[in-house]
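All remarks here apply to the structure that follows.
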Amino acid sequence: MSNLDYLNSGKVRNDWSLAEIEAIYNQPFNDLLFAAQLIHRQNFNPNEVQTSTLLSIKTGACPEDCAYCPQSGHYNTGLSKEKLMAVQKVVEKAQQAKKNGATRFCMGAAWRSPRDKDLDVVIEMVRQVKDMGLETCVTLGMLTDEQAGKLAEAGLDYYNHNLDTSPEYYEQIITTRSYDNRLDTLQNVRDAGINVCSGGIIGMGEKVNDRYGLLMQLANMPEHPQSVPINMLVAVPGTPLGEVEKLDEFDFIRMIATARIIMPNSYVRLSAGREDMNEQTQALCYFAGANSIFYGEKLLTTANPEAEADSVLFKRLGIQPEQRHHSKEEVEAEAADMAAQAAEQTTSDKKPLFYDATEVN
Ligand code: SF4
């Protein structure tokens, strides 16, 4: 077996070197996609894509200075600020998302970290959305271990906290919190038993080495993030990255394929930037191993292709939205419900519910 065959073998590892990731990323495009597709098929249904809806529950005026983000209070992008939404409003949005076929509902708040009184409101949102039979995900900034524990107790399924880029390029993008702060939050989330959703953004002016560096950080965590969003920068005028040159889309596809190969069991999420891609590029991303998208609603504050366009593309490609996997507790609760209904039916079968006209005295 050649070294490249070994690297492309889909073995789950947490000790990737930069040179290995570079070798995978730079192999001929067709070889890269073929290897990624083989690994994808070993771990997932290749014709299913998980769909989530993302709602911004608190928009703008964020104290952080992420150079790509229109929600940062450091830049003037003309974005209107909104306070934390009421629980009822969020529940209505979640109901709509469920009706449109989403299986996961993600709620994002532009905070450095949540205040405890705001966290209590978010916890109520999580409880009510979960009761509707949707998976829940939140992104609220940095979390202490205690806060992560509270969210886990409320039944939160996923916490999103992106690394954004490599440790080396990070200071060019954010100065108000460190890379280690991010890793600490991810550790707190993992320790609380919540699934981790963590990835990054490419096209921010980084070097290709920074892309390998980002993937290396993600793939060498004690456990691979269950969900890995790969975003293509949406350059928003008014942010420091508003004028950055557009990324070559083949690089984006290479990034997806490399993530699929080195994190074979993770959902690779085709995330921000999709509205700038034509259908052919999106189809290649699915072929390269992307198997999760945001569907409908707005992608926080940047446009997301309408759900209708996604379902048309899914039909043309023969892709099905993935159905939700139920937890052991949910399966048991459903079985108990069915048993109770059956018992009720048996009892009611014995009692005449209506006057029987055939019974003549
Ligand atoms: S990315 Fe998140 S933390 Fe950074 S400025 Fe935007 S909302 Fe704030």
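Heads up, the Cβ atoms here are built off N, Cα and C, so glycines get one too.
According to TrEMBL, the residue from Cys69, Cys106 that belongs to the [2Fe-2S] cluster site alongside Cys137, Cys197, Arg269 is Cys106. Checked against ligand 1, the binding-site residues Cys62, Cys106, Cys137, Arg269 give Cys62 as the ones with a Cβ under 6 Å from it, listed in sequence order.
Averaged across the domain 'Radical SAM core' (47-265), pLDDT for the predicted model comes to 92. Note: Cys106 ([2Fe-2S] cluster binding site) has non-local neighbours Ser52, Thr53, Leu54, Leu55, Thr136, Cys137, Val138, Thr139, Tyr158, Asn160, Phe294, i.e. same-chain residues 6+ apart with C-beta under 8 A of its own C-beta. Remark: of the binding-site residues Cys69, Cys137, Cys197, the most isolated position is Cys137 (fewest other Cβ atoms within 10 Å of its Cβ).
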